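J.: Quick one: this structure, given as structure tokens, is what I'll be asking you about.
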Amino acid sequence: MRLLQLLFRASPATLLLVLCLQLGANKAQDNTRKIIIKNFDIPKSVRPNDEVTAVLAVQTELKECMVVKTYLISSIPLQGAFNYKYTACLCDDNPKTFYWDFYTNRTVQIAAVVDVIRELGICPDDAAVIPIKNNRFYTIEILKVE
């Protein structure tokens, strides 16, 4: 019986080892990959009826590919190629950049939206994932007309 008690008694070294393993596991859980990384670039201000180019660069840290649909939404209707929607296969080794050219004569809020969707025929062999938690990502900028 005494031998059994010695086997189950935790030594300080064992407790320290368990603590270090627990801290290491928590740190590993914090290292999650980002689903979508986006950089939306438009001028801060333009003159009335000048052509504006909006650029959206999108990438992922996931190892799997995703089908993404990108588009712009504005607070007022805009002219030009503003309403174009792009669909692409986004993989960690193949970031994408999308361009829109449009005109405006009023200050406007513009949202660049990235939806992760389920669509066949976009990614090779239709091998793509859809995140469970989030499937819509966006960023909003203000374009001032002066």
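Every residue gets a Cβ built from N, Cα and C, even glycine.
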J.: In Swiss-Prot, C123 is listed as disulfide-bonded to which of the following: C89, C91?
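T.: So the cysteine that Swiss-Prot bonds to C123 would be C89.
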J.: Need the cross-check against Swiss-Prot: the disulphide partner of C65, picked from C20, C91.
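T.: Checking Swiss-Prot: disulfide partner of C65 resolves to C91.
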J.: For the disulfide-bonded residues listed here (C65, C123), which one has the lowest count of neighbouring CB atoms within 10 Å of its own CB?
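T.: Relative to the other disulfide-bonded residues in C65, C123, C123 has the fewest Cβ atoms within 10 Å.
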J.: Could you tell me the C-alpha distance between C65 (disulfide bond) and C89 (disulfide bond) in angstrom, no decimals?
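T.: If we compare the Cα positions of C65 (disulfide bond) and C89 (disulfide bond), the gap is 7 Å.
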J.: Quick check: of the disulfide-bonded residues listed here (C89, C91, C123), which one has the Cα closest to that of N105 (N-linked glycosylation site)?
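T.: Comparing Cα positions, the candidate nearest N105 (N-linked glycosylation site) turns out to be C89.
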J.: Within its own chain, what residues at least 6 apart in sequence put their Cβ under 8 Å from the Cβ of C91 (disulfide bond), listed in sequence order?
T.: T60, E64, C65, M66, C123
J.: Do you know which of the recorded positions C89, N105 has the most other C-beta atoms within 10 angstroms of its C-beta?
T.: C89
